[in-house]
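A quick write-up on the structure given underneath.
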């Protein structure tokens, strides 16, 4: 029989423990939310989409399906875009049966949307396995696989204009349309309020994007200011472009080192061992698909993406003539919107939840990857294969890129955001889109004048 005093003391301790659980749980939830928002860097722009869009199947169904079947269900049906996978066999059938090129192009373009989302999901899964530094590089490599593959096929078929337009369109879409929509819809949810904004990752991305714009402008200006002959001028422009590509790559990987290694504490909270929910999610994912399986699926998805990208590149001009839409408009406006639909939707959803820092990570991170990683890699590949390519994106395209980066920089210059800032970015994108649509008449007018 315990003394009354000890029993009273025991009950008092139990009550204090129960009372203390609620504040500690609230603090833990708040820290988890901050950690999720702070974990975004430009090197991991595509990972959050894959993390948030998970399989809706129950654990019981997964156990009943078994190993390979469970992986098939997880990878193909684990996204809300899974109905669009039906466009993949339709594209193959349209190509095999020699149907209209418009159908091949349309089905291929639609099929790229779920493939891009699944590639992001698989690369994020692998990145979580190999560690933060290697994972950041992995996400940087796989985050824009569709754009990279389309660019490589355009390079192989010597369609330089389509190559440059598709890459430019991805940058413009992320900076103006997606970021603008995120600020717009997130601001409407918080109408009448100014929300705080973390500028640290935005400053890094904007600095890299401005460096990329400088390289493009330098190449453009050098082509028109040189007094030497055409062949000498072309050689000088090519040398300048290749030098700039090397500088851009060094700067990009330097930014990765800055964010993932030397100054990592600035961009994300310190990891602790209390991340129980994350470890539970990881355990669930590992029980369905492991590292080796994820690599196999990633390679398979990349192969299918390459096939559809080949269809898009080979049919885009004929589809343009059939639809009466300029190739430049399709390459700059339509391709990026459809190809990155899942990633774009994720950015807007996070803005709805007042997680604008994650939206910044998605949009600015993807734009930075295209500008400072994909573009110079494509140029170096063309250099190795003796294919002439430079950083001159033409006057209108370079001007649009410069204005997009400058407009975004001014929009994010303070630590507040509201819907009007998003509205300005969206309107800027609409003006550029209309410009590329109506400019189709200029070549015809010039020929008639001659």
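Cβ atoms here come from the backbone N, Cα and C positions, even for glycine.
Considering the side of the membrane named for each residue in Swiss-Prot, residue 70 and residue 262 coincide. Per Swiss-Prot, the range carrying the annotation region 'Disordered' out of 3-27, 28-52 is 28-52. Per Swiss-Prot, the listed range annotated as transmembrane segment is 74-94 (candidates: 74-94, 263-283). When pLDDT values are averaged over the topological domain 'Cytoplasmic' (192-201), the model yields 76.
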